[in-house]
Amino acid sequence: METGSVADSLLSGACVVFTLGMFSTGLSDLRHMQRTRSVDSVQFLPFLTTDVNNLGWLSYGVLKGDGTLIVVNAVGAVLQTLYILAYLHYCPQKRVVLLQTATLLGVLLMGYGYFWLLMPDDEARLQQLGLFCSVFTISMYLSPLADLAKVIQTKSTHRLSFSLTIATLLTSASWSLYGFRLRDLYIMVPNLPGILTSFIRFWLFWKYPPEQDKSYRLLQT
């Protein structure tokens, strides 16, 4: 029993460390925006969708009484909100950014209204919220597939981040194991695509190494 408790604590710690490490990769974008005072080459939607995802899982963690989910997603939501505010500050086209933010916030508010006002039963609310968070997380992991297809087409991995790929693999694997230990399919299943897409990225890095990437771009010019 004690051994299992220690293993669970270590797994919980791994989830916290790896996930916060993945979230902190956005700090490089934050430094870039501060240094250049622009948002060139920085994508906004990943910040926004990750923030919504964090808030969803934070609510799930509160309902479930899971401290690991609460800590990770509370810190993640704060970081993503910081990135969003920085992007908004340096972005010249604030109207588009504000429209995207307002749209997702509207969806989030409607979701909260549905889960907290129209579903009085806590168990049903937990199941429905878990399903919503799972689907949203899976869609986030699968959304970069178009970029992976572009990598194959151009034979260039310059649009991929190797450090983020490692962080995604470690995070997805730790949460899948965490969900398995808790027998919680809503946590385990949506992280499996993250493992799959990470291995696809590793294969692309192996097939199209940086040296080949440079040669290909020279030929293109």
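Start at 1 and count along the chain as shown; that gives each residue its number.
The backbone N, Cα and C atoms fix where each Cβ goes, glycine too.
Those TrEMBL annotations? Automatic predictions, nothing curated.
Feature annotations, reproduced from TrEMBL:
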type	residues	note
TRANSMEM	6-23	transmembrane segment
TRANSMEM	69-90	transmembrane segment
TRANSMEM	97-117	transmembrane segment
TRANSMEM	160-180	transmembrane segment
TRANSMEM	186-206	transmembrane segment
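Highest Cβ contact count with the transmembrane segment (69-90) among the listed stretches 6-23, 97-117, 160-180, 186-206 falls to 6-23 (criterion: pairs under 8 Å). Counting same-chain residues at least six beyond the ends of the transmembrane segment (160-180), those with a Cβ under 8 angstroms from any Cβ of the stretch are 11-12, 14-15, 18-19, 21-22, 25, 68, 141, 147, 151, 186-189, 191-195, 197-199, 201-202, 204-205.
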